[in-house]
Structures are given as C-alpha cells and as structure tokens.
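Data block below; observations after.
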Amino acid sequence: MKTLLNAVLVLGFAASPAAAAELTVVTAGDQNMVEYVSEYLGPLFEKENPGTKVRVVGTGPGDAGSQKILERFEAQHKAGSEKWDVDVAVVHEKFVGPMVQGGYLAAYRDKIPTGKLVTRSNADMALGTKVSGYVMPMFNSQTALAYNPALVPNPPKSYAELAEWAKENPKQFGYNGIKGGASGVSFVMGWIYAFGEGDAEKLQNGPFEEAETKKWDKALASLKHFTSNATLTPGNAGTLDLLSRGEIAIGPVWVDMFYSWQADGRLPPDLKLVLPAPGMPGQPMHYVIPAKSPNQELAEKFVALATSPKVQAEGIVKRFNWYPGIDAQHVQAELDEATWNKLFKDITPEDLAKYGKPFPIAPYNNAILEAYERQVTN
Amino acid sequence: MSKRLLGLILVLPALATITLLFLVPLAASIIGAFEIEGSYGLGNFDKAFALYSQDILFTVVIVSLSTAIIGLVAIAIGGYLTLGENTLAVSILRWLYRWPLFIPFIVVGQVLRTFLAKNGMMNNTLVSLGVITPLEATSFLDWRGIVIAFVWKQAPFVALLVSGAMASLDRGTIEAARNLGASRLRILVEIVVPQVATTLIVGLVLSFVTMMSVLSVPLMINAQSPTMITADIAFRLNAYRDYGVANALGLISLLITASVAWIYLKHNVRSQA
Amino acid sequence: MTSLATTTATARRLPRIDLWWVPRGLVLGLLAFAIFGPLTNLVLWTVAERWYFPHALPLEYGFSYWQRVFSPRGNAMESLANSVFVASLTVIVALALAVPAGYALARLRLPLRSLILVAFLIPQAFPNLPVYVNIARLFYGLGLNGTIPGVVLVHVTHGLVYAVWIATAAFSAIDRELEEAARSIGASALRTFRDVTLPLAAPGLMASAIFVFLESLDEFTGSFFVGAPDVNLLPLLLYTAGAGGNYQIASITALLLLVPSIGFMLVVERFLKADVLSRVGH
C-alpha cells in the first residue's frame with residue numbers, strides 16, 4: 001500500500017507542469033482539429049522554437065466542446081488560480097463574447113505581426129459583443145446544403161425552392177433540429193432570415209429590440225409544417241451519416257465537416273454543396289489566449305505562426321479545404337490556382353460573399369432558439 | 001463501542017468523500033436551480049416544465065421500459081445459466097452475453113447508429129438474407145433505438161449480478177422441485193427469482209440511475225423530439241448558458257431517481273424486518 | 001453387451017439433442033446476432049478506409065487510422081497506460097471505502113440508513129454537466145487539478161455508487177448464523193470479518209470492482225476537467241472522435257479499451273475460482 005502511495009505521489013509530480021517551455025493548446029472541434037495541432041502546427045512550432053513542446057487537448061466537437069473550455073476558464077477564475085493551465089484555446093465564435101466579458105482573455109492581436117492581416121468584421125464582433133484584439137480567426141466555416149446529385153439533379157437554389165422541393169419529396173430532406181448541433185441551428189436561422197417578417201440585417205447586427213422577437217410566428221409555423229415533412233437526424237454527424245447511406249437526399253452541413261468526412265471515406269465523393277439564397281450562417285473558429293496563460297509570449301508566437309499566410313495556405317486550405325481565417329488575398333498568394341479553386345468547387349466566391357451570413361447576435365439567437373422550442377418541437 | 005457509533009465510523013470515510021467532492025459542489029448547483037436573476041423562486045422549474053414536460057415524461061417512460069426489459073433479459077440469461085441442462089449451450093451463453101458490458105456508452109451510440117439506421121448494417125444483413133425486402137426496411141433511430149441501446153448495454157450488467165446470485169442458491173430446493181416434476185420456468189419464477197430479488201433490484205436501480213444520466217445515447221441515436229432530460233440539460237447549457245433551468249432539470253432527474261431508489265429501500269427494510 | 005447399451009443410449013440421446021438444439025440454436029443465434037452484429041460493425045470500422053452507401057461492406061480496407069491513433073505525437077499508448085493505472089487505483093480506493101461502509105450499512109444499525117444509501121446514488125443521479133464547473137473550481141482550489149490523485153478521486157465519487165450499493169447487498173445476503181457461529185467459538189469480531197464475512201462477500205465485491213473499473217475507464221467529463229492537460233486519459237480521444245462522428249478513430253479507441261477491460265475481468269475470474277465466483281451478489 002505504501003509503495004503504491006509513493007508511486008501515486010511520484011506520478012502526480014511527474015505529471016505536473018514540468019519544463020517552462022511547454023505550450024498547452026486546448027481545442028474544441030472534431031478529432032481532426034486535435035490532429036491538426038498535434039501533427040502539423042505543433043512540430044512546425046517546435047522546429048521554429050527549439051526547446052519548446054506543444055501539447056494539445058481536445059474537448060469535443062460543437063458548442064459542447066467550447067462550453068467546456070469556457071467552464072474551465074470560469075473554474076480557474078473563480079478558484080483564483082494565478083497561473084492557468086491553458087496557453088492557447090481554439091473556440092467557437094459564440095463563446096468568445098462571454099470569455100471577453102468575463103475578463104478571461106488577453107488582448108494580443110495588435111501585438112502579433114499577423115494581426116493586420118484580418119479585416120473581416122467577425123474578428124471584431126462576435127454575435128454582438130466587441131471582441132477586437134482578443135481573437136484571431138483560425139478558419140471560417142460555413143453551413144450549406146449537401147445533396148446527392150444522383151437523387152437531386154437540380155438542387156434548390158433558395159429556401160423558397162427548398163420548401164417547394166421538400167413538399168414534393170417527403171422525408172428526403174433531413175436536418176438535426178436545434179439540439180443536436182449547430183448545422184441544424186444554422187438551418188433554422190437561415191429559415192428565419194428567409195421567411196421571418198423582421199429585418200435579417202438587424203438580427204445579425206443589432207440592436208436588440210423585444211418587438212423584433214414577435215415577428216417570427218409565421219415563419220416558425222411554416223417551419224413546423226416543413227419539419228413534419230422532413231427527416232430528423234441525430235446530430236451534425238447524423239445528417240452526414242444519413243446522407244452517406246442514402247436515406248436523405250439533401251441536408252444542412254458544416255462545409256468543413258463535409259470535406260473531412262469525404263476525405264475520411266465516410267461520404268461518397270460525388271456529393272455536392274449548394275448555398276441557398278438568401279443565405280445561411282457561418283462562423284469562425286477563434287484562437288484566444290487566456291490573460292493568465294503562463295507562457296504569454298510563446299502563446300502569441302504560436303498564434304502568429306498559425307495565422308501566417310503560409311500556414312493558413314498549407315494547413316487550412318490545402319490540408320482541409322477550409323476557408324482561411326485571415327484575409328483571402330494573403331493566402332491566395334501562397335497557393336497555386338488549382339488548390340485555391342478547389343475551395344470554390346461547389347460554392348462560388350460570389351455566392352459566398354452574397355449568401356454567407358453571420359449568426360444572429362446572441363439575444364436574438366437565444367430568442368429564436370427558444371421560440372423554436374416552444375413553437376416547433378412542442 | 002456502540003454499534004451505531006462503529007457503523008458511523010465505518011461509513012464516514014466513504015460518505016465524507018462524496019460529500020466533500022460531490023455534494024458540496026452540487027449544493028451550489030441546487031441553489032442555482034432556485035435562483036432567477038438574483039432572487040429566489042420557482043421560475044426555473046416553471047420554465048423546465050413548460051418547455052420540457054413532454055421530455056420528462058418521455059425519459060421516465062423510456063427508462064422504465066428499458067429497466068423492465070433489462071430485468072426480463074437478465075432473469076432469462078441468469079435462469080438459463082443456472083437451470084440450463086445442456087452444458088455446451090450454457091457455456092456458449094456464458095461466453096456470449098457479457099461483451100456489451102465493455103463497450104462505453106458513446107461507442108454504443110455510434111455502433112447502434114450505424115447498425116440500426118434504415119440502410120444500416122442490420123437491415124442490410126436482413127435484406128441480403130432475404131428476411132425482409134428493401135422496402136420493408138425501417139429506421140430504428142428513435143425511441144426504439146434508445147431502448148435497444150440501453151438494453152444492449154445494461155442487460156449484461158444486471159445479468160452478471162443476477163446470475164451470480166442465482167448460482168449461489170441452495171441447489172437442494174431446486175432439485176427437489178425438479179424431482180416433483182415442476183417445470184424449469186416455474187422453478188425460475190417461483191423459487192429462484194424471489195430469492196435473488198434483492199440483487200435483481202439493486203442491479204435494476206443502478207441501471208436506472210446510469211440510464212438517466214447518459215447523454216451520448218439520446219444525442220447520437222434519437223433524432224426525434226421528445227428527447228431525454230440529459231439532452232435538454234446539455235442544450236440549456238451549450239445553447240443558452242442557462243444554468244438555472246439546467247440545474248432545475250438536474251434536480252427533477254435526481255428526484256425521479258431517488259423515488260425509484262426508495263422502492264428498493266422500502267423493499268430492503270421489509271425483507272430485513 | 002456394453003457396446004450395445006452404449007449404442008442404444010446414443011441412439012436414444014441423439015434425436016433428443018437434435019430436437020432441442022433447434023430452439024436453443026435459434027435463440028443463441030439471435031442473441032449472437034444482437035450482440036456481435038453491432039460489434040462486427042465496430043470492428044469493420046477500425047479497418048475501413050472508405051465505406052458508404054450503397055455498399056454493405058467497406059470499399060477499401062487498411063490501417064491508416066491505426067497509424068493516426070498510434071502516431072508518436074498522439075500519445076495514445078501513454079493515455080491507455082494512464083487510464084489503466086487510474087482505473088486500478090480507483091478500484092482500490094473505492095473498495096477500501098466501500099467495504100467498511102457496505103458492511104456497516106448491511107449489518108449495523110445506522111441512523112438515516114436509507115438517506116445515506118441515496119446519498120451515494122447522487123453523483124450518478126444528478127446529471128453532471130452543470131455541476132462540473134463547481135467541481136473543477138474546487139479541485140483547482142485544492143491544487144488537485146492535473147494530478148493522478150485528483151483524477152482518481154473524481155472517478156471514485158462516481159464509482160462509489162456501484163461499490164457501496166453492491167457491497168451492501170453482498171453483505172446483507174450473508175447468513176448471520178455463520179458469523180455468530182464463528183464468534184461463539186471465540187473468534188474476534190475482526191477475525192470473523194476477515195475469515196468468514198469477507199470471503200463470503202468477495203464475489204459481490206469483485207463484481208462491483210469490475211463495474212468501478214469500467215466506469216473509470218470510460219469516464220470523460222471528470223477526466224477532462226480534472227485530468228487534462230497534465231494527465232491524459234484515453235476517453236478524451238474516444239469522446240472527441242466519437243462525438244464528431246469519426247467512426248474509425250472512435251472504434252479503434254474502443255477496441256483498445258476492450259483490452260484492459262477484458263483483461264481485468266479475466267484476472268478477477270482467475271483470482272476467484274469458479275465456485276466462489278458463482279456466488280456474485282450473495
């Protein structure tokens with residue numbers, strides 16, 4: 001028993017943070033995000049900064065993954081820890097606002113050379129909270145409709161066409177409601193943008209007005225009817241799963257997940273994407289650095305590397321076929337035309353500019369979700 | 001030393017562990033369930049019931065149904081292991097039934113999602129064997145999928161406990177009844193099961209508790225609404241960061257489990273008296 | 001003479017066996033399909049490079065995902081070793097706490113006995129998601145975050161419900177007369193417990209050990225909040241891959257976790273000879 005206790009103590013100590021130059025990266029998202037940091041970014045960073053070591057922890061996909069990182073920050077904040085155990089975190093857009101409001105983050109964007117390479121507004125505002133300085137986008141993601149061209153030769157180009165199409169093809173459209181992940185949520189938001197009687201611009205940019213929340217009843221009623229004619233899928237991955245086994249012909253997916261599934265051989269290679277008018281939301285994944293990170297300087301260097309045009313080109317675009325986080329022109333310059341054009345195989349840059357929308361600001365977002373809960377599922 | 005004091009001393013280390021490491025942190029959550037914007041009240045419960053009463057009912061029905069099926073399967077497995085006369089069949093069953101025990105719930109969710117889907121492996125196999133036609137294939141990814149997943153994972157757990165308890169029974173009574181010509185089913189129902197009732201109920205209560213708290217199965221298998229309480233809690237937190245309603249739902253879930261546990265304790269007190 | 005008797009005996013037995021094997025085979029076959037169908041699915045995914053509709057079986061087999069899981073930077077083996085080590089310690093600590101508690105709850109008159117039993121149920125019964133912020137905060141305050149003892153303690157709180165409840169059932173199923181007999185021939189209370197009660201309860205305790213081990217091996221939330229990033233456990237990989245629908249990696253991880261689980265079960269069975277094991281729960 002005694003030796004065992006010793007063993008525990010020894011192991012406990014051995015496992016506690018050792019060398020000064022160990023950089024801890026915590027990332028929300030699928031396993032491929034974890035592998036991206038551990039297999040690609042980590043070694044690259046270690047080569048440029050000899051003596052350092054990058055270790056990475058994944059917290060799981062979707063909002064749940066980012067929520068766990070936020071809770072981890074909250075716990076250390078409330079416990080009054082002086083040095084936190086996270087140096088860099090990768091989180092969804094939605095969770096950056098609360099992190100900034102909680103005072104957990106360091107403002108670092110202006111300190112790193114790549115900070116100037118981002119001009120897109122979603123690096124300054126996150127669902128209505130001002131976050132400029134605190135975040136650097138890792139990549140931009142977008143939801144779109146994935147479809148099987150064998151079953152749907154002429155995919156619907158807008159929400160209105162989709163509603164028509166679904167009427168003629170019952171149960172062939174599938175989505176995951178709002179509780180199973182953000183691709184379903186995004187589809188619902190797009191529905192409100194399309195059919196809500198309010199102003200979609202206001203939903204996306206604020207300000208929040210109570211009166212606006214009363215303008216969705218009709219849209220939600222029609223969504224309820226639409227949903228009764230659709231197939232519900234278990235989660236973001238569930239939609240892709242049912243697409244892959246031919247049970248549904250069309251459904252909303254995250255573009256990045258779609259490409260990962262195709263690359264991993266879980267999705268037929270001939271499936272395609274379409275971004276319907278008037279648009280569906282997308283969101284960036286952000287790099288953040290906790291204010292109490294023990295390796296502030298190293299963390300900044302890490303994010304600078306991760307958001308450099310070269311890494312964005314090689315890592316994000318070439319490796320994953322994801323939309324880069326920093327401004328496109330800096331990344332495009334690093335790539336040959338064929339690789340760059342692969343990004344826009346199904347969705348053209350024009351469509352992306354026109355129909356790639358942000359999510360509604362947080363209060364509208366919550367109000368829509370709750371209205372959906374009351375009026376569509378109940 | 002009085003028996004009471006000794007008893008308390010023996011329970012104390014275990015009780016202190018969960019009190020300090022779980023119940024104290026939990027207290028904050030429970031208080032949070034009654035907190036609405038700084039003041040106290042039942043608002044979170046109102047909201048929980050208004051939005052999720054269907055889901056609460058659904059959870060109770062699904063988990064109860066699963067518990068009942070688990071009990072039956074476990075008795076059947078344990079009964080055959082105890083009363084089965086063909087040694088080969090008994091050892092095949094003994095080797096067979098335990099495997100799902102070792103599969104974590106999240107993987108159960110994943111394998112059953114790809115197994116039970118309309119074009120999943122089960123229907124593919126049945127179609128290729130000619131048992132059903134492709135048109136007859138249906139998806140089980142709804143409440144049935146949850147029940148199947150729970151039974152698949154938990155029945156071996158209860159069966160393991162119950163079959164052990166059955167095997168330790170006095171063979172004399174069983175042999176005597178057998179000699180008098182009682183059927184094995186009758187022996188199982190009238191002699192064996194009553195004697196292992198305590199173990200059976202402990203196993204079922206523990207299964208009930210486990211199923212109430214599993215998140216991955218409803219998330220990965222059940223696409224429909226209503227869904228289970230755990231999925232709602234996760235949604236409240238991840239979508240709204242609403243700890244109030246989440247904690248209220250947690251408390252409701254706890255009360256449901258506690259009342260089931262009470263049944264066991266009642267039974268236990270009666271059998272000890 | 002003998003050969004004739006044997007022949008008739010075989011002749012008589014054969015048709016009977018054949019007949020009974022029909023329902024037996026049918027039921028066992030169905031059970032095997034129900035259990036191994038999903039498991040086959042799992043195993044196929046571990047080696048599937050490409051698999052989608054309308055193909056009933058993978059289009060391409062290979063081990064590239066095994067390479068990804070076992071890549072030198074992925075430290076899957078280290079996580080597996082950590083997981084097994086933590087799970088073993090969890091079993092030891094949980095049983096050390098549960099044996100006296102279970103004995104007291106079964107044998108000694110305790111005030112509020114029912115309430116105490118319900119208390120052990122709570123860590124499983126209250127869905128953990130909203131509680132973990134508070135638990136993590138507590139562990140940060142105590143400096144237990146990122147240490148093996150911290151993770152073990154978190155797993156113990158979840159494992160105790162199985163350990164205590166099953167131990168209580170095991171102890172209360174023992175015939176009091178056996179203990180009283182030992183006492184009457186002069187054995188001390190402690191000796192009686194060690195030589196009579198404990199061996200009789202051992203099968204139940206061992207069964208609970210298996211469940212505690214499995215619970216610890218599969219636990220994610222506590223492992224993330226208290227363990228990571230310093231103590232990495234395999235469920236972290238399992239969870240990220242599983243929840244994201246990365247079937248191949250999740251399946252491989254699950255297969256890896258099968259090894260210690262089944263190993264532990266075999267050790268327990270070897271440790272308890274068949275006659276003792278058959279008394280689980282009593």
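Even glycines carry a Cβ here, placed using N, Cα and C.
Owing to the predicted nature of the structure, the values given are computational and were not obtained by experimental measurement.
Looking at B:3-25, B:187-209, the stretch flagged in TrEMBL as transmembrane segment turns out to be B:187-209. Per-stretch counts of Cβ pairs under 8 Å to the transmembrane segment (B:245-265) identify B:187-209 as the leading one among B:56-83, B:95-116, B:187-209. Beyond the transmembrane segment (B:187-209), the same-chain residues lying 6 or more positions past its ends with a Cβ under 8 Å from any Cβ of the stretch are 63-64, 66-67, 70-71, 74-75, 78-79, 82-83, 150, 154, 157-158, 161-162, 164-166, 169, 173-174, 177-178, 257, 260-261, 263-264, 267-268, 271. The list of residues near the transmembrane segment (B:95-116) in space but at least 6 beyond its ends in sequence, with Cβ under 8 angstroms from a Cβ of it, reads 77, 122, 139-141, 145, 148-149, 152-153, 155-157, 159-160, 214, 216-217, 219-221.
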